[in-house]
Amino acid sequence: MRTQVGQIELRNPKDHEDTKDFTFDAIYDENSTQSDLYEETFRDLVDSVLNGYNATIFAYGQTGTGKTHTMEGKSDDPQQRGVIYKCIEHIFEHMAASHNQEEYLVRASYLEIYQEEIRDLLEAESNKKLEIKERPDGGVYVKDLTSRLTRSIAEIQDVMIRGNAHRSVGWVSPN
């Protein structure tokens, strides 16, 4: 991994000369911190949301590749907090700094796409398959997805606790 240039080099173990290089906007290795990731990749996105734009942070990948660590991390350790908690803190800090000069409405939803089905993780008994829809004004949404009005970081954390209790969790064999 060449983090400075955003490049990953794959080498065939049988033929040490042939390589395949993949270039990305940014890559992060085992020396990267949650703060590095947030500051370099997500801070500007959240600032755009605070300026009225819609945004989505989408974690995709195989079971066991670090999505939960990247997105959630450890909420009780400031150095290990993931992207979600850093976004929440950023939003509420911005709101507090506005000194009531602007109005904000913060809603939280929690969904999961698992085996190509969308599930509402805030509805414990819901096995209803949800659908992605598009409004004529250009907005994409998930029909019938639960949305909770939240007024604090603690209220969003409660939403996450409830949603996490209903997640599908895969198991990866250590072998």
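Positions of Cβ are set from backbone N, Cα and C atoms, glycine also.
Here the structure is a predicted model, which means the values were calculated and not measured.
The domain 'Kinesin motor' annotation in TrEMBL covers 1-175. Annotation comment: TrEMBL describes G61, Q62, T63, G64, T65, G66, K67, T68 as ATP binding site.
Where TrEMBL records a feature, it is marked here on the structure.
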residue	record	Cβ within 10 Å
G61	ATP binding site	9
Q62	ATP binding site	9
T63	ATP binding site	11
G64	ATP binding site	12
T65	ATP binding site	12
G66	ATP binding site	11
K67	ATP binding site	15
T68	ATP binding site	15
Inset, instruction - For the domain 'Kinesin motor' (1-175), would you mind checking the mean pLDDT of the predicted model? - result: 87
